[in-house]
Amino acid sequence: MVLGLRLHSALYPSWGLACLLPRSFASCPGKSDSCLTMPQLGLLHRRAWASLLGQLRRPPGAVCIRVVHSHSQVAEATLTSQLKPHQEKSNFIIKTPKGTRDLSPQQMVVREKILDMVVSCFKRHGAKGLDTPAFELKEMLTEKYGEDSMLIYDLKDQGGELLSLRYDLTVPFARYLAMNKVKKMKRYHVGKVWRRESPTIVQGRYREFCQCDFDIAGQFDPMIPDAECLKIMCEILSGLQLGDFLIKVNDRRILDGIFAVCGIPESKFHAICSSIDKLDKMSWKDVRHEMVAKKGLAPEVADRIGDYVQCHGGVSLVEQMFQDSELSQNQHALEGLRDLKLLFEYLTLFGVAEKISFDLSLARGLDYYTGVIYEAVLLQTSARAGEEPLNVGSVAAGGRYDGLVGMFDPKGHKVPCVGLSIGVERIFSIVEQRMKNVGEKIRTTETEVFVATPQKNFLQERLKLIAELWDAGIKAELMYKNNPKLLTQLRYCENMGIPLMVIIGEQELKEGVIKLRSVASREEVAIKRENLVAEIQKRLSES
Amino acid sequence: MAERAALEELVRLQGERVRGLKQQKASAEQVRPRRQGRGQSKAEEDRAGVVCTEIEEEVAKLLKLKAQLGPDEGKQKFVLKTPKGTRDYSPRQMAVREKVFEVIISCFKRHGAEVIDTPVFELKETLTGKYGEDSKLIYDLKDQGGELLSLRYDLTVPFARYLAMNKLTNIKRYHIAKVYRRDNPAMTRGRYREFYQCDFDIAGQFDPMIPDAECLKIMCEILSSLQIGDFLVKVNDRRILDGMFAICGVPDSKFRTICSSVDKLDKVSWEEVKNEMVGEKGLAPEVADHIGDYVQQHGGVSLVKQLLQDPKLSQNKQALEGLGDLKLLFEYLTLFGIADKALEEKVRTTETQVLVASAQKKLLEERLKLVSELWDAGIKAELLYKKNPKLLNQLQYCEETGIPLVAIIGEQELKDGVIKLRSVASREEVDIRREDLVEEIKRRTNQPICIC
């Protein structure tokens, strides 16, 4: 180690510089969604908190120590702003922006478990990871989302390029393919997207949320990639053990065919589609009413649509549609039906056909789908026998979009794509709720061993010992106190769920041993110093 | 030409009319959310129905006009790129990034840190006044009628906001996420406008220097594990600097600016720094010389001891505090020592273990069945999306992407109830009974695989 008498830009000087807390604050107003309270060690009574903050307004008081800091001018600016005299801002409320939230350590543990599982499934199917910037040139996103375009977050015009936050991960993917002239790619992308929707926190609908996308781009023999996408959805939803689920499948061309056969003009396509899409939440009666009263559809036409879109079933429904005298005359519909038939064959070979339902009411929001479309819903089986399983909401969706990349390519070259998106936010809420109901305790650290001492003046020994453990890759902690009490250390282990303790004191030093203690059973055994690491590793692998 | 221009103008106007109508419809719906077909007045329904039909008609007109312009209309006129200062991460870069993060995160976890996440943007007022001159580098979001927002500039201010919001006093947390700065990007030096920060912080009142020592230990563990070569961690203390400036005769008002000059010593020579301090910042030359005597020194804990003996510096209360803490820090760092190694591997962009291949035509069904079995057993597997791929192509694919094993289905093998399992590296093939295949693959993939 070297002591240098110059500031180095990579290291923030360790001195009493307080955390960058807002200069004044109002206590969290009521219990708004973005103001979380957490059961944590060190929670202060409100008055005590206020006085602590009062002290922190004028440093020093060593509170935050930074490890890596990439721009020294920020460190500089921070100091400056803290040292300047400031005005009190009495109305400043601390919160996250509307529709967004922090994730506490407990929530992060749940999230990481779920994302690990999703990503490992994507990897098992040979997908490569990809990442794109949080914002795109505004013009990239224009005209890709139809009516939803007004929900895009724009960045302020600060004299440079006009930018917008990405609305999904599909359009950036298409941009990437066109930009790099990629003809074939199987990629996954886990990332946040942003939509200025009306947030409904209760239903897990936020403005900033995570998406897990898997897409296969390229010209291949028909329906094999499409089938793999559905197989992946099934693997993930089964693996997450969310209960029974159903994947509805339809095809844009079949919808087009139905509309043509029923006499609906192309100009009304999107409007009628969005009505039909509501059939999972509204009754046919209400949907029909909307189409006739609000969208100017003739009642007879609405009835004819009704005959079709209320149908759902397995591959036998596909056969039935082939027999439909009118639909089978429509070229679009025939293409769609043929592809669905092939799809069902492959899904049967994949062993997932019984989870799939050909549902003619599936219309899906986004404009860019061109072929098969699908949506997965969780079923909540009701208590009473004979009732329709309730629909709790969609947790994954996707489809084929063959025209999107062509919109980016300067020469309009198309790259056919099919993909899926897992709605992990909904899944997080469900899993979180489940864990709360069961009262499951979530550990927020992975610490395996706590280094303790019952005696005073043993800090040096603890530091030496813990470094040995860290160097052997063991996850270890110690208390940041020169002379901590043994009981305090024990309590800490119990609260944090740390399984093992190593205790060192005068006697142990003399004898050349360390006491290894199981926190749960409270059993202690003396281990020779040189065998300690091996013994710990053995115990950890056995548990 | 004029005709075309006139036509383009018509298209533009028509487009605006359509957007206007859609905007009207949308704001009407925001004011009066859809009540799902119940309880709306007949008049409202009629009006809504009329607006919809209006929109449809205008859209139809727009499309007709565009069609007249010809097939070139509607093609994008922009350049395909990511925004200035940002970039995509290709699969190769993702694989490298993942490895680096794994090292960093496992180190943070080894030291008992929890992890949190915060939104990518904050209320503008949360970030105001925290970054001094750098405030102009903050990305603001457009005022779209709601709260005023800005993209986060670092992870520290959000951390402080998180502590205050949750009334926390003690926490050891790490946070790995992207931050945004409207800097002048220097791509070659890895300086972007959107970039990752990996922060580790310990908040709380504790006995001196233990957490500080742990932070330095973490830095060393990470830099060693990443094997990017020899490194040095330079340490100083603000109080020592201030004390030194004071006894050298730097006026209080010039402390910060002299500090930033001294900071440049790692990039420029002492002569240049001295010139800047004297010439640009108005420091007296003797004072500058005095500073020079101190700042050009570096050493280990012996330097700390030496400075503690320095007659002038030891009179300065601040400097003494700093030196005392550094002495303690060095003691702890000695007890900690240094850390570890990492494994070298060829960088693959996927983790696929087995390719399911067919030697003859018309074996797609069999491939689908087999790959499904492998997936269900948790094995990472792929197949080519072709009904009748050539065996050679399938083998080549494995070599290109680094897939180590191929499970080959052939007509004869099907009859015999076996699958040919081939090692891509050694080219050796062996027949495995269908029911033993999964186990055999798992056995082979647990051994270290030579990807050459």
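Keep in mind that glycine also has a Cβ here, set from the backbone N, Cα and C atoms.
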Residue in B:Arg181, B:Arg182, B:Arg191 which TrEMBL records at the L-histidine site where B:Asp154, B:Leu155, B:Thr156, B:Gln197, B:Asp201 also bind: B:Arg181
Per DSSP, three-state class assigned to B:Gln197 (L-histidine binding site): strand
Same-chain residues at least 6 apart in sequence whose Cβ lies under 8 Å from B:Arg181 (L-histidine binding site): B:Asp134, B:Leu137, B:Ile138, B:Tyr139, B:Tyr153, B:Arg193, B:Phe195
Largest tally of Cβ atoms lying within 10 Å of a Cβ, found at which of the binding-site residues B:Thr156, B:Gln197: B:Thr156
Filtered B:Leu155, B:Thr156, B:Asp201 - binding-site residues with C-beta under 8 A from chain A: B:Thr156, B:Asp201
Structural state of B:Thr156 (L-histidine binding site), classified by DSSP into three states: helix
List of residues, in chain order, with Cβ under 8 A from that of B:Asp154 (L-histidine binding site) and at least 6 apart: B:Val179, B:Gln197
Recorded L-histidine site residues B:Asp154, B:Leu155, B:Thr156, B:Arg181, B:Gln197, B:Asp201, farthest C-alpha pair in Å: 22
Neighbour count (Cβ, 10 Å) for B:Leu155 (L-histidine binding site): 25
